[in-house]
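*Asks:* Positions annotated as region 'Disordered' by TrEMBL: 1-60, 966-1025. Under the heading transmembrane segment, TrEMBL lists 67-95, 115-134, 167-185, 212-240, 270-290, 310-333, 359-381. The compositional bias 'Low complexity' annotation in TrEMBL covers 966-982. Annotated compositional bias 'Polar residues' per TrEMBL: 993-1003, in sequence order. Residues annotated as compositional bias 'Basic and acidic residues' in TrEMBL: 1015-1025.
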Amino acid sequence: MSFFDAFGPKVPRNNRNSRNQDDPIIINVEADGDDTNANGGNVPPHINNPRIGRQPQRPHSNRGSKILIGVVLALVIIVGVFFGLARLITDIMWYRQLGFESVVWTQLGTRVGLWVAYVAVLAVVSYISATLAIRARPDFADGSTIRFHGDTIEVGKSVSSRSARRIAVVCSIVVGLIFGSQFNMNWSEILLMFNGQSFGTTDPIFGLDKGFYVFVLPGLQLLLTALNIMLVVGLIFSIVTHIAMGGIRFTMPVHGNGLFAMTPRGRRQIAIWLLLAMLSWAASQVVGVFNTLTQSGSRITGATYTTTHATIPVMFIMAGVTAVVGILLAVWIMRSKALSANAGTQYASAGAAWRAWRVPAITVAGAIVLSLLLTTVYPALLTRFRVNPNAQEMESTYIQHNIDATRAAYGLDSVKTEEYDATTKVEAGALAHETETTAQIRLLDPQIVSPTFKQLQQMKQYYTFADTLAVDKYDIDGTSQDTVIAARELDLNGNDARNWVNDHTVYTHGYGVVAAYGNRVTSDGQPEFFEYGIPTQGYLTQTQHYEPRIYFSPEAPEYSIVGAPEGTTPWEFDYPTGSKGATTTFTGNGGPSVGNIFARLLYAIRFGSDQILFSDRVTPDSQILYDRSPKERVAKVAPYLTLDGRVYPAVVNGRVKWIVDGYTTSDNMPYSQKVDLGEATQDSTTVSSDTVSSLSDKNVNYIRNSVKATVDAYDGSVDLYAWDTEDPVLKAWEKIFPGQYKPISEMTGDLMSHMRYPEGLFKVQRQLLSRYHVTTAAQFFSGEDFWQVPVDPTASANEQKQDVQQPPYYLTLQTGGSKEPLFSLTSSYIPAGTNTREILTAFLSVDSDAGREKGVKGKNYGTIRLQELPKDTNVPGPGQVQNNFNANADVSKELNLLQSGSTQVERGNLLTLPLGGGLVYVEPVYVKSSGNTSYPLLKKVLVAFGDRVGFANTLNEALDQVFEGDSGASAGDADNAGTTGSQSAPSEDKAQESSPQQGSSELKSALSDAAQAMKDSDAAMKKGDWSAYGEAQKKLETALNKALELQ
């Protein structure tokens, strides 16, 4: 007995009048002996059945034309396939050159394998379903398909078995292609399911290892969804084919009667498909129970009291109900007489029809009513009358599950929390014991000084720097020095001589890095560079003799063709010198070879340029460099990572390296709170910068900075380091892509010194800590101690209206029990809510110094320190401090003078530092002219401690103003002390402001002249005396320029 015979005995072919089954059929209407076809015309009779018309034969077309059309179509297909394969082949060449070929083959093999497997299985299922229906074709199905039977009309479209099989094959393949293309997009879930790892901890409800939720559950649900689709498609194919073959006949009402009828074998097959689909659905409902531990509710992510006592039991019940409904419907379909061939006449009345169909009607209606009662009404009643009146007691257990799981999933379970009893009382010499910290207070704002770097160090219009510079640290003469650094990248938009040769073979790379001390400036307010110039010179050049050429960078051109045979005259522009500039030839291994005609053709197709084929600059030794952004290169070799929004350069072991932080994430950690990464990592820097971005917009509830990646700026080589070796998610990916990661032991001490705690992870953690610093369910339920990150008070007015958060800042400071100043990433908190006072509630920092020992992280690296202020303290937060700056009469007066006429004032980042037993705020103030070539220079520094404000030319002076004339600090700009600015401090009752301290006589005179010129300008404008107005404006400009020179 064959497989198909199991679904019913095979009907002999001679009982089917098979001699005409291969002929095309025109549907006829059998009524009163009319031999006309359905369109009313006469057609030639069928040789074996006069009642069936034969299609008229079409004349044969010209054979030569058919051959020509076939050849043309074949050529079009070949060319189309070749163009489509060009990108795939060049991608393989790119991965092979980079040493990550296994990545593309694993992805491609998995995706194609899943697609082919699903297409094949779905096509087979569809074909089996259709074939079984074809083999069950009834005896009467060979004749006409529209019949009159008294008061009913039977409709059943019958086609030949061979045609039906052909149609079934085509439709099966099409359906498989449609759903298979969706299935292969989830390749990562399937790979993780078969390579999952244990987390070593279990969920509190079902007791399953958390690895089940992270690795197995997503893939299992995907497979069940695929199975459901297969069985539903099989059911649909069975029904449609039975209709086409006459196994299902509809009876259209003529005198109020009419149903539909099915053959016994048709009923049996459809019943089995329906039963299988319902059982698969029930299985999906059972597996769906585990999703309740990762679903977000109104307060927490995870199962609550109602979920565990109502939703979960009901889901199991409904899975059983689904299975029972499937069984009842299947049995009824197979045994019911209501679907027999004479159903249309046997059950003509409504009562008879109800008796015939009461089993499925009651079954389905009962299941729907039961579902509504159990899934909607019961949980609502339980919540309303049981949970809500006792919410805190009922939900405390589940809230505690959420707190514990969230802190563990985001690396917050080891936060070091201490109470910081901050004072607002100032004392002379309060900073004397914190000179190491005050010496490293950063004055250069990397968001503001980029134009200054460009004007002073860009050199040529075809170079550029990032809009937002990077903060790093370098050991200079044995001292760790906070540094603002940028790479001088190539920018073709600044080149006036644009053509293919220049764009892709001459201007190929940037040159060198520029670095400045973060804590001091020159006497005129410019950054004090310790690495600068073209050719490069300075400390890094002297100590590392690094390779300055930057072929790979965020701003690199789309592609460059480099390299030439030995002895060829160089044509790549290297750097400007003399009248022509220096030239060079790339000698690294940075891209796929384009030395043969096939490779040139492929890349000509990929980049749409025939010049690649015909240019003499493309030599047998040429390479093509593309996908040159460091972030893009890492994303291609590790597509499963979420990459940090900031990429920064570092000079390491004689090379410029781009450092990229990679995160492993999951959204299936039970009970862990879900966070939108894009929302959590957005701040005033990401909103206003083109080079720093927030993380991708996706919800996660588990994240680890498991990978540190480097991209060589010269040859583009990518190295991936397993930074968090305990991360189960990274272990799973290491198993999928063996040999992709280097152990941390291979990381040199020099490279280790430039590893830092990433901003993206820190911003996610600080958002969660605004609520999850609370560790008890009762306190969490009340919500009275929740915090928020303050809005950036130095951002634009529009950004402040959008509540754009203040970004975290890298600072070297001693905090939270640390015994020495550490390179840290810092932020602060204020009370949550829109109508609360913006007092400071806590200060957050994380140790970001990875040390300098080869292959060993610094002992303090990654330690998160939270300093909570007592609730009865009133230390002003960043917003209040900025308001104090703006409201201070002396500060406001001088700033207004500085930004009058042709100059503008820009406020730098407002830094918060736990110093002097309280909180010190530092804000650099920059001044720039309003011309096209203007750039900001640091001219003033604002300092606040409690309600006291200092405003001076240097940080050292401003600190002294605040701390009774002598702070005891030794700021980095102490050597730049010149004239003293103004100070404002509260009197003993903090209600009256003291008079400003007198500055230099020359500066005072200049400011006085500026003020008088402004008054003269206003008076002249009111009188309409434009001549006097012009003179007053000239005097104002002269006075302001003189004041700037004296700053």
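These residue numbers are counts, starting from 1, taken along the chain as shown.
Just so you know, glycine gets a Cβ as well, placed from its N, Cα and C.
All annotation found in TrEMBL is predicted automatically rather than curated by experts.
Map these features onto the structure and tell me what's around them.
*Replies:* Sequence-distant contacts of the transmembrane segment (67-95), counting only residues of its own chain at least 6 positions beyond either end whose CB sits under 8 Å from a CB of the stretch, comprise 101, 103-104, 108, 591-592, 599, 602-603, 605-606, 626-627, 636-637.
Beyond the ends of the transmembrane segment (270-290), by six or more residues, the same chain brings 7, 129, 206, 208, 212-213, 217, 220-221, 224-225, 227-228, 231-232, 234-235, 238-239, 242, 262, 312, 315-316, 318-320, 322-323, 325-327, 329-331, 333-334 to within a C-beta distance below 8 angstroms of the stretch.
Taking Cβ pairs closer than 8 Å, the transmembrane segment (359-381) reaches residues 306, 310-311, 314, 317-318, 321-322, 325, 328-329, 332, 336 in its own chain, all 6 or more past its ends.
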*Asks:* Please indicate, using numbers and ranges, the residues of the same chain that are 6 or more beyond the transmembrane segment (115-134) and have a C-beta under 8 Å from a C-beta there.
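*Replies:* Apart from its flanks, the transmembrane segment (115-134) reaches 4, 7, 161, 164-165, 167-169, 171-173, 175-177, 179-181, 183-184, 226, 229-231, 233-235, 237-238, 241-242, 245, 247, 266, 269, 273.
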